[in-house]
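Visitor: Take a look at this one; I'll ask things after.
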């Protein structure tokens, strides 16, 4: 991510939106790095730490960031303005986890080179205007394997179940958005995250072989040459590779509950997360 300074007229609004997300119900307890600091300091986090996050590096100078955050109705700065915390107490962790699960949808079929920023822009431009209740989403999590490769799979948390149920009824294609009269093979595959996990446990995984083949082929085009070379070596590596990558990633997401959209990890965090699936 570039460290160039953002100079748009919506500077203040963007700063507030990003930092409020870091401390939101959807993100805080799923971000192990931030949550550890939050718990250790009675909810306070040093502002200089927030400013090192990937998406915050473009917002400078620090004085302008502070001025923007003073206007937040969800966050409060310390007396000397070097620390920040959320105003409202955090809900029970189990309650938040259940809300995330109930309000999340599992989507497959995105190109492997789509960035987090492109996904958020696409949802904002093509999807949220179609939602009946809250025209916004709570979070988007890209699912990556242990090699940090995006699998074309996304878990999206909506703010209400009504919005989730409405979205599931729509035919959606990337990058077109909501479509009509499009062949099923060109649509994104989606279902509630709860349903997906139920079907995963039963071994059904959407119930059709075509979906399994599609899932396995998300990265085939990019890794074709590498696989030919691997074939000469150990065949076991191939059979245990991409065909189970999404399964492993989603399983790790359930256990670790880490979010990619919140920030790029610091050096300290990155070393700690080397074997952790990002979600």
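From the backbone N, Cα and C atoms, a Cβ is placed for every residue, glycine too.
Among the features that TrEMBL reports, compositional bias 'Basic and acidic residues' is placed at 211-239, 253-279. Sequence annotations record features per position, and here TrEMBL assigns domain 'HTH La-type RNA-binding' to 5-94. The feature region 'Disordered' is assigned by TrEMBL to 207-279.
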Visitor: If you average pLDDT over the domain 'HTH La-type RNA-binding' (5-94), what do you get?
Guide: 95
Visitor: Pull the DSSP breakdown for the domain 'HTH La-type RNA-binding' (5-94) and write it out as helix, strand, coil residue counts.
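Guide: Summed over the domain 'HTH La-type RNA-binding' (5-94), the classes give 42 helix, 9 strand, 39 coil.
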